[in-house]
Amino acid sequence: MRRRPRRTRSKTTVNIVLAVICLIWLIPTVGLFISSFRPATEILKSGWWTVFPHKENVATHTITLPKDTDLRQPIEVDGTMYTDDQLRSGAKAPDGSVFVWENRRARTISVQQSGWTMNTNFTTENYEGVLTGKQYQITDTDGSVKTKKGNGLSRAFLNTVTVSIPATIIPILIATFAAYAFAWLRFPLRKTMFVIVIMLLVVPLQVAMIPVLKDYTALGLNGTFLGVWIAHAGFGLPLATYFMYSYISQLPKDLFESAFMDGASNFTIFTRLILPLAVPSIASISIFQFLWVWNDYLVSLVFIGNQPNVQVLSMKIADMVGTRGNDWHLLTAAAFISMLMPLAVFFGLQKYFVRGLLGGSVKG
Amino acid sequence: MKNMRKTGFLLTAIILVLSVMLAACGKNNDKNASSNPPSSVEPSVSPSSEPSSEPSESASTDMSALDEALAGKYKGTKVTMFGPFTDADQVKFEVAIKDFEDKTGIDIQYEGSKEFEATVSIRVDGGNAPDIADFPQPGLLNTFVKSGKVIDVSTFMDMDRLKGNYNKSWLDMATMKGPSGDIMAGIWARSSVKSLVWYPKKAFEEAGYTVPKTWDELMALTEQIAKDGDPAWAIGIESGAATGWPATDWVEDIMLRTTSPENYDKWVNGELPFTDDIVKNAVKKMSEIWMNKDYVYGGTKSIVTTSFGDSSTVLFDNPPKAWLHRQASFITSFFPQNLKSGEDYDWFYFPSIDPQYGNPVLVAGDIYAMFNDRPEVRAVMEFFTTGESLKTWIQSGGVIAPMNDAKPEWYTSDVERRMAELAKNATTLRFDGSDLMPGSVGAGTFWKGMTDYVSGTVDLDGAMKEIQAGWKQ
């Protein structure tokens, strides 16, 4: 009876701490989200936080100084002398208001009082630009101007799905087979091979790019989905194998022995026992692999390139900003659209995720 | 439960089978691209013989690849092309080549990448070079020429026609040193003029300012604007990993105006060190504007942190917060959408400083180089040497043609037509020096050194030493 209130209190503390940490983690995302609804000119002028009610100096009236005021001498405003620098950054007037240049050229000064404002200039243009494609003005050979519509994200989105799903399934399927073999089958060089797999974990994929590309050129796999699936599968296998191994090797031995006694083959054991039992860890490694493939830029850049029929989302988004980055404001909206799928996958498989995080840690 | 699991497994299997089928489709595509064996037509000229010595013969006896292509000989072939421009530029490019594609039946598959510089090296090393690559920086192309990977276009092109269609300095810039002597490494396609100062025309005239013709007038105007209450210049050099490049353009432009073109060439080749007084003098001239906090919008400190593209937008605030912006012709794509060229904004020539060096013009451009020698690729390359290949792009705005047969009336705005004329009538035409220098300097210490100098972390001497050190890498 006595303990109860204490426990609740400590729970509240934990919750508050967690909420604060969550908030800090979320701030950049929230900022990006708000920015994605603001026009580019506004983003340049003020921060995203100005959309919330905040205290700011609001102009009440303007004072016009004589036209011939020399800006490099102290300037008299309302009987007090100020320097140009002070008036640029805003100078405190005796009555508490602030003097700041409104138009230096016209020599007008705005008198500001602090008050509450919020910035409510929102637009969906960024999302429209990203989703439906931008408009381009093209002049044709005969001199007529026509508007050409660029491609939206839909094609790239589908391409990314086409790349990501097999590139998640293939390595994990192979890794699960391999993990079972490493964990429960006895064959020569088993340990050596397993050590090699573990060693491959530390090899950065960048060193393999040019050699693999050379082989792909010989095989004609460049710019094809199959090529990128194999590449992703190869780069993802060591981690997936290790991850699945640490889970499958923990399953009780008796289970397989009794199945074996009943006449089950290795394949039956694998499909009937291992796969169902390993679902949680398969799900969690799938999340990892899927997120990695979905967000990947480098592997796609090298192995499938930028042709519109195979272009993936991350590359399409990079292209959208234009040759010289003039359409940077589209990035905010594009980022959120590209996040939709990973978020859906994450929340869909969320319950496995925490379990998966512990997957490798229980047994080293 | 059992059934569900079975279906799940079946589903996986089906997806796998489907994926293999899809892959097979993808593969077919690729095979088509490389189905044509190289050169069934005679290239006839060996690289060592002089193609220009007997021009009439080579021009009349065998048809050029372009003529053959227009006759429909290469119908159904594909030419892959890889370049740095994307988005709007890509659309304009594709419209410009559409007519050629329809006539010849050659499919030019352009692929643009923001990571062109890095990717093209990987592809060439990986044996997956595109047929044609578009290099915005000749310095980068030079490294491929040195390793002998680039095809000498003078082996099949009619050099007299090229000489007639390009200013000599363009052709000189395309000649690079390969492993077996000098080769013509590519052909120039689109260019932009850099020696331009943009200003908000309407407001500029209302304020009673006049376009300066000399450097002294420019400085007087700057001072006048400062007196009137505004900083004259909008300057920003932030550009992500390339931060500092607009500063290098300024230095190059001023170098052309304070020293001889020969010295400029020496400087670009690394024979005239950055620590020389000639270069320092140019940077000092630049500092007269850059280092004066009354002359730069936001003060000198904000130059490094302001994005090069967005820095220009303050010219079009009402009233303008700054009045002048020195940048190449492409900057108009950063201007607010609703502005009219020639009315709301215009440019004037970045004035000369020392009259003895005339009116030099700094340009930049893209050079198309060829990696695979097939007849249809030759045809496409020859097509790119004609002004026709840029026609609709010129009409849509954004490029200046380096070819002489591009007609002035194609430029839909006076603003761009004057740029083309400026480049044509220049007493000295020089390419952006930092793009010609090796990457360790031109895209390395030069950018970084200028950024450090402007931000005030090093003094002039320190910055010049830092930049010069890039040559040793």
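Residue 1 is the first one shown; counting continues down the chain.
Glycine is treated like the rest: Cβ placed from N, Cα and C.
Keep in mind that TrEMBL annotations are predicted by a computer and have not been checked by a curator.
Among the features that TrEMBL reports, domain 'ABC transmembrane type-1' is placed at A:157-349.
Per TrEMBL, transmembrane segment is recorded for A:12-34 (among others).
The transmembrane segment feature in TrEMBL is assigned to A:163-185 (among others).
Under the heading transmembrane segment, TrEMBL lists A:192-213 (among others). Sequence-remote contacts of a segment are chain residues at least 6 beyond its ends whose Cβ falls under 8 Å from one of its Cβ atoms, and for the transmembrane segment (A:192-213) they are 178, 182, 222, 231, 234-235, 237-239, 241-242, 245, 298-299, 302-303.
The transmembrane segment annotation in TrEMBL covers A:225-248 (among others). Same-chain residues lying 6 or more positions outside the transmembrane segment (A:225-248) and placing a CB less than 8 Å from one of its CB atoms are 162-163, 166-167, 170-172, 174-176, 178-180, 182-184, 194, 197-198, 200-201, 205, 208, 212, 216, 274, 278, 281-282, 285, 288-289, 292-293, 296, 299-300, 303-304, 310, 359-360, 362-363.
Taken from TrEMBL, the feature transmembrane segment applies to A:269-292 (among others).
TrEMBL lists A:328-349 (among others) with the feature transmembrane segment.
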Which sequence positions outside the transmembrane segment (A:269-292), separated from its termini by at least 6 residues, show Cβ-Cβ distances below 8 Å to it?
164, 167-168, 171-172, 175-177, 180, 232, 236, 239-240, 243-244, 247-248, 251, 255-256, 259-260, 342, 345-346, 349, 352-353, 355-357, 359
So which residues does the transmembrane segment (A:328-349) touch in its own chain, when a touch means Cβ under 8 Å and the partner is 6 or more beyond its ends?
32-33, 35-36, 39-40, 43, 126-127, 129-131, 134, 153, 157, 160-161, 283-284, 286-287, 290-291, 294-295, 313-314, 317, 320-321
